[in-house]
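Colleague: Residues or ranges marked as active site by Swiss-Prot on the basis of sequence analysis: SER271, ASP463, HIS521. The disulfide bond annotation in Swiss-Prot covers CYS184-CYS424, CYS318-CYS332, CYS342-CYS365, CYS349-CYS358, CYS387-CYS394 and is backed by similarity to another entry. The annotation N-linked glycosylation site is assigned in Swiss-Prot to ASN215, ASN510 on the grounds of sequence analysis. Swiss-Prot lists 1-17 with the feature signal peptide.
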Amino acid sequence: MRFSTSALVLGAASTAVALDQQVLGGNESPFDSIKVAGQEWLSTFEEKFGKMTTEAKAVWDEITLLAPDAVESFKKNAIPPKPKPAHRKSDKKWDHVVKGADVQSMWVEKNGEKHRKIAGDLKNFNLRAKKVDPSALGIDKVKQYSGYLDDEENDKHLFYWFFESRNDPKNDPVVLWLNGGPGCSSLTGLFMELGPASVDKKLKIVNNEWSWNNNASVIFLDQPVNVGYSYSGSSVSNTVAAGKDVYALLSLFFHQFPEYSKQDFHIAGESYAGHYIPVFASEILSHEDRNINLKSVLIGNGLTDGLTQYGYYRPMACGEGGYPAVLDAGECQAMDNALPRCQSLINNCYESGSVWSCVPASIYCNNALIGPYQRTGQNVYDIRGKCEDSSNLCYSALGWISEYLNQDEVKEALGAEVDSYDSCNFDINRNFLFAGDWFQPFHRIVPKLLEKIPVLIYAGDADYICNWLGNRAWTEALEWPGQKGFNKAEVKSLAVGKGKEYGKVKSSGNFTFMQLYGAGHMVPMDQPEASSDFLNRWLGGEWVA
C-alpha cells in the first residue's frame, strides 16, 4: 500500500489517507508526469499562480524523481473540488440576522474625531443566529446559539456553535476553538475533546465533566468553508483569507451579543491551527477599533514552523521522544539522509513564498519524513499504539460523531444547511497544500503577538505528527527580544493541586511552553482533567508576565 503526501486529519499535517497510486513508467520525462488527466496541470497552475521559473521546474523534476508515488498522488488530486450541496434557509427561520453593512455604517466620536465603531471591511458579511433549545439535543443545559456567517459576495457560509459557561457567563472569558486539518470540523473537538459532551457508539450523549465550558464560554467554528456544516460555491485555500472570515464572524457575533464582548477573549486550537491562530490573532489586533477583547492564544500540538519541526520526526520515530523506537536503524538513517534536502526546500519556500517552491517542499518532506512512520501502521496521532480504524483517521469515535451530526433532527435543531456533514474534507486539505500554504512561515508573526498578548504552546508527548520535540524546538528557536530569557527559564512541574505530575512548563515574558505526559495529538481527549487544569490556570493569568 502506498500513501498520499498530504491528508490531515483531526487537524494534523499528516499523510494519513491511503490512495491507489501507481509509479509512472514508460518514456515520459519526469515533468510530464505532473498532468491531470484530460488537462495540463501546469497551465492550470500557471494561470492561478503565475509562470513557473526555470529554477522551479528543475526542483519539480528533482522531486518527481525522488518521490514518484507522491507526485503521482499530487497529479491525481490536483482537481478543483465540487461545491458542497446545501440549501439556505430563509432569514425568517433565524432568531437574529445581523447585517455587516449596518455595523460598518456605525460611527463614534473620540477625541473630537469620528471613526467607525468597528473597523474592517464588513459590508459583504452577514451573521445569522438561532437559540438552540438545550432540551432538544441534551448536549448541555447552558444557553447555546448556532448559526452562520455569510460572505454574500463570495457565497461562503461558516457554521458556528456557541456554548455559554457553566459557571459565571457574565464574567467568565470566551474561547474560540479551532480544529486543524486544514479541513477538519471543530465539532470533532467539541465531541471528542473539550466540549460539554461526547457521542458513544450507540449515538448517545455522554456528559463531559471536564468540559472547557466549565469556566469559559466556548465557540466552536467550522472553518474554512466546506468544512463540517460550513459550505460555499467557492473555496478558501490559504490561511490569510480564512483570517478575514474569522474576524468578520467575531465582530458580528459580539455586536449581536454584546453581553460577551467585554469579557476576556482567547483563541485556542490544535494541529494546523498552529498556522491559523497567529494569522487570525494578527488580523484581530490589526484593527484598533474592535469589539473583540483578545487576551491570549493557545496552540496545542501545532504545525507552526515546519523548517524547525520537520527536523524532529526522525528523533521522535527513533526512540528519542520518550517512547520506544517505531523504525529500525536503517529507516532512521534514511530519514537523517533526507532531512537536509527537505530543510533546503522548506527554506526556499520561506524565502520566496511561492507555490512553485512550497508545494515541492510539502510533497518531498511529507513523503520522506512522515511516510516511513505511517507505513508501519502506527497511529500518527499517538505513538503508543496502532491505527485501529483507518477509515476514521484511527478513531472510531470520529465515525460516531459524523453519524450523529448527519441525523435530520440534529441538523434541524442547529439550523444546519448542508446535505451531509463530514468530519474532515480532504479537498480542502489538498487546496491548502496546492496553494503552498503548508510551509508558510507564520511563526514569524508570533514575535509581534508577544508584544501585545501571551502565547501558550502546549504539546502532548505521545503525538508523532506535531510532536512535542518539534514544538519545543521552534519555541526555543524563535527570534524575539525575550528569546534568551525564555530559553534559560526554569522548567517546572505541572500537577493538579498536590496530585500526580502531568507535565512540565517553561515560561518567560509572554511566552509559555508545556509538555504534557501521556497525551497524543488531542490532549483534552487523552488527559481531560489535566487539560482543564492548565486551561483554567492559563485563563486566570498564572503564567502571564
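Positions of Cβ are set from backbone N, Cα and C atoms, glycine also.
Context for these features, please: burial, neighbours, distances.
Modeller: Counted within 10 Å of its Cβ, the other Cβ atoms near SER271 (active site) come to 31, all protein chains included.
Cβ neighbour count for ASP463 (active site): 31 (other Cβ atoms within 10 Å of its Cβ, all protein chains included).
Mapped onto three states, the DSSP output places HIS521 (active site) in coil.
Around CYS184 (disulfide bond), taking its Cβ as the centre, 32 other Cβ atoms fall within 10 Å, counting all chains.
For the recorded site, CYS332 (disulfide bond), the DSSP three-state label reads helix.
Its own atom aside, the Cβ of CYS365 (disulfide bond) has 28 Cβ atoms within 10 angstroms in the protein chains shown.
Under DSSP, CYS349 (disulfide bond) is assigned to a helix (H, G or I) in the three-state scheme.
The DSSP secondary structure for CYS394 (disulfide bond) is coil.
According to DSSP, ASN215 (N-linked glycosylation site) is assigned to coil rather than to any helix or strand.
In the three-state DSSP scheme, ASN510 (N-linked glycosylation site) is classed as coil.
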Colleague: Measure from the Cβ of HIS521 (active site) and count the other Cβ atoms within 10 Å, all protein chains considered.
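Modeller: Here the count is 31.
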Colleague: Between CYS394 (disulfide bond) and HIS521 (active site), how far is it from one CA atom to the other, in Å?
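Modeller: CYS394 (disulfide bond) to HIS521 (active site), Cα-Cα distance: 12 Å.
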Colleague: Which secondary structure state does DSSP assign to CYS318 (disulfide bond), in the simple three-class scheme?
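Modeller: SS state of CYS318 (disulfide bond) = coil.
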Colleague: Just to verify: the residue among ASN215, ASN510 with the fewest other Cβ atoms within 10 Å, which of the glycosylation sites is it?
Modeller: ASN215
Colleague: Which of the three DSSP states, helix, strand or coil, fits CYS365 (disulfide bond)?
Modeller: helix
Colleague: Is it possible to get the count of other C-beta atoms within 10 angstroms of the C-beta of CYS387 (disulfide bond)?
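Modeller: Taking every protein chain into account, the count is 18.
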Colleague: Can you tell which of the recorded positions SER271, CYS318, CYS342, CYS365, ASN510 lies nearest to HIS521 (active site) in space, using Cα positions?
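Modeller: Nearest listed residue in space: SER271.
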